[in-house]
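Colleague: A single structure is presented below for examination.
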């Protein structure tokens with residue numbers, strides 16, 4: 001075998017087809033590729049889908065207290081968001097299977113439609129039960145929306161172009177996370193809570209996808225298995241058992257984390273039972289997947305390389321840290337600075353803007369140089385530094401330091417936000433039929449990371465806050481303080497405020513410190529992620545540039 005062929009295997013690349021140097025086949029079929037204005041138009045329609053679901057979730061976070069008040073159902077308000085996450089978790093991996101059978105265009109349209117049906121039911125709901133049912137349906141649609149969007153975009157672009165677009169995807173995700181609380185607060189303060197906003201946006205997204213995006217065959221699908229009857233037979237052979245097992249394991253885990261330290265103590269029998277069931281069902285799911293092999297919902301072929309395990313761990317830890325900061329930085333401002341919920345959302349802007357800009361810069365660097373591994377290594381270093389500095393916060397910390405520390409943490413999370421997905425794309429670029437399920441698995445890891453991150457942070461804050469209150473202000477009404485940090489300044493007598501504020505800030509800075517070990521583990525994970533260069537289509541492999549084309553060290 002020639003040296004040129006050997007070097008070809010050592011790079012992820014896309015080379016124009018000719019007689020002497022045929023294309024590697026690792027990129028979309030030429031008929032599915034989009035360029036210029038049409039690519040921008042399709043990308044905009046896909047980003048609108050992302051914006052819709054992210055905006056929906058963040059608006060809900062601000063409107064939830066008002067919803068609970070209107071329905072007089074404070075004990076059930078947690079289920080409005082929990083039901084969404086449970087359904088999203090249960091359906092996410094299942095959509096990865098479906099994308100091996102049906103074109104991403106139709107899966108995406110169906111997912112958005114299901115999401116919007118749920119939103120419509122929420123908008124029309126007359127009881128908390130109806131609202132929870134609507135959120136469950138929306139979650140089932142959201143489970144497939146992002147993975148179908150990524151699959152559709154993957155088929156429309158070359159690998160070397162994706163990092164730049166994925167950076168924009170991160171921008172949209174982050175901006176909607178910032179705008180959501182502001183819009184939600186404004187709507188709730190001046191009108192009433194509602195779910196009508198997502199309907200026209202979702203409708204516009206569906207129209208854009210229907211008009212602009214081709215219904216390309218699934219990546220790596222057998223051309224002889226694309227008829228309606230063949231797809232029906234493949235659908236009947238889907239791993240429904242695996243879907244049920246995975247959903248059961250995740251549902252029990254999320255229930256345990258939702259209940260533990262919140263509505264029930266950690267040693268409550270219901271919490272313990274859920275943890276045990278999650279572990280047992282998860283073990284059965286793994287055994288079942290090994291038994292089915294490549295027919296499983298999570299094919300064993302995905303895990304042939306140790307690099308995949310490291311990438312999944314990295315994406316897990318990135319989302320673990322992201323949601324922790326998104327949730328608890330505003331609480332710090334409310335407790336230490338007496339800011340309203342809306343003002344605290346604005347105070348989060350340094351973190352979010354640095355995350356966005358770091359994602360754009362990192363995406364541009366990867367797109368220009370082809371190297372994503374250095375970005376994955378640098379990101380945890382910034383996160384560890386920012387998290388460590390946030391641990392030094394107290395009520396007297398200057399605003400300049402607060403902003404600076406947020407920026408460092410935001411840069412660390414932003415640089416790794418989408419590049420974990422890029423690493424998965426590279427890892428499976430030569431195994432196209434596995435890409436959808438690999439991306440679904442990566443998103444599943446992200447979802448678990450965020451859920452477990454909040455599940456870890458909440459009991460840390462609750463236990464330390466209770467301990468600090470007993471130490472610094474034993475006579476303060478604990479229930480009032482724990483219900484809302486804004487109650488510190490509106491309800492408590494003035495003599496309690498300094499001690500309560502100190503109790504809050506001392507507990508919160510330990511929550512921020514969780515980012516340090518998370519960053520350390522992520523940094524260690526990068527040692528097992530392959531350092532592969534993404535080579536541009538225009539480049540030709542030749543003895544003159546072979547040295548630049550070789551795969552970087554696999555550590």
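Placed from the backbone N, Cα and C atoms, the Cβ positions cover glycine too.
The model shown is predicted, which means the values in this text are computed figures rather than measured ones.
As annotated in TrEMBL:
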COMPBIAS  1-21  compositional bias 'Basic and acidic residues'
REGION    1-30  region 'Disordered'
DOMAIN    42-533  domain 'Major facilitator superfamily (MFS) profile'
TRANSMEM  76-94  transmembrane segment
TRANSMEM  132-153  transmembrane segment
TRANSMEM  165-183  transmembrane segment
TRANSMEM  195-215  transmembrane segment
TRANSMEM  236-259  transmembrane segment
TRANSMEM  271-292  transmembrane segment
TRANSMEM  308-328  transmembrane segment
TRANSMEM  348-366  transmembrane segment
TRANSMEM  371-391  transmembrane segment
TRANSMEM  403-424  transmembrane segment
TRANSMEM  444-466  transmembrane segment
TRANSMEM  510-529  transmembrane segment
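For the listed features, I'd like the structural context: burial, neighbours, distances.
Modeller: Below 8 angstroms of C-beta separation, residues 57, 60-61, 64-65, 67-68, 128, 131-133, 135-140, 142-144, 147, 238, 242-243, 246-247, 250-251, 254-255, 258, 262-263, 297-298, 437, 440-441, 443-444, 447-448, 451 of the same chain, each at least six residues beyond the ends of the transmembrane segment (76-94), sit close to that stretch.
Sequence-remote contacts of a segment are chain residues at least 6 beyond its ends whose Cβ falls under 8 Å from one of its Cβ atoms, and for the transmembrane segment (132-153) they are 42-43, 46, 49-50, 53, 56, 76, 79-81, 83-92, 94-96, 98-99, 104-105, 107-108, 110-123, 125, 162, 165, 195, 209, 213, 216, 219, 421, 435-436, 439-440, 443.
Within its own chain, the transmembrane segment (308-328) is flanked in space by residues 177, 302, 348, 351, 355, 376, 379, 383, 387, 406, 409-410, 412-413, 416-417, 420-421, 423-424, 427, 438, 441-442, 445-450, 452-454, 456-457, 461, 508, 511-512, 514-515, 518-519, 521-522, 525-529, which lie at least six positions past its ends and keep a Cβ under 8 Å from the stretch.
Below 8 angstroms of C-beta separation, residues 150, 162-163, 166-167, 169-170, 173-174, 307-308, 311, 314-315, 318, 321-322, 325, 329, 348, 350-359, 361-363, 366, 372-373, 375-376, 378-387, 389-390, 392-393, 438-439, 442, 515, 519, 522, 529-530 of the same chain, each at least six residues beyond the ends of the transmembrane segment (403-424), sit close to that stretch.
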Colleague: Between the stretches 195-215, 348-366, 371-391, 510-529, which wins on the count of C-beta pairs under 8 angstroms to the transmembrane segment (444-466)?
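Modeller: By Cβ pairs under 8 Å, 510-529 leads among 195-215, 348-366, 371-391, 510-529.
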Colleague: Hey, would you say the transmembrane segment (236-259) packs against the transmembrane segment (271-292), going by three or more CB pairs under 8 A that are 6+ residues apart?
Modeller: yes
Colleague: Count the Cβ pairs between the transmembrane segment (371-391) and the transmembrane segment (510-529) that lie under 8 angstroms and are 6 or more residues apart in sequence, then report whether there are at least 3.
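Modeller: They are in contact.
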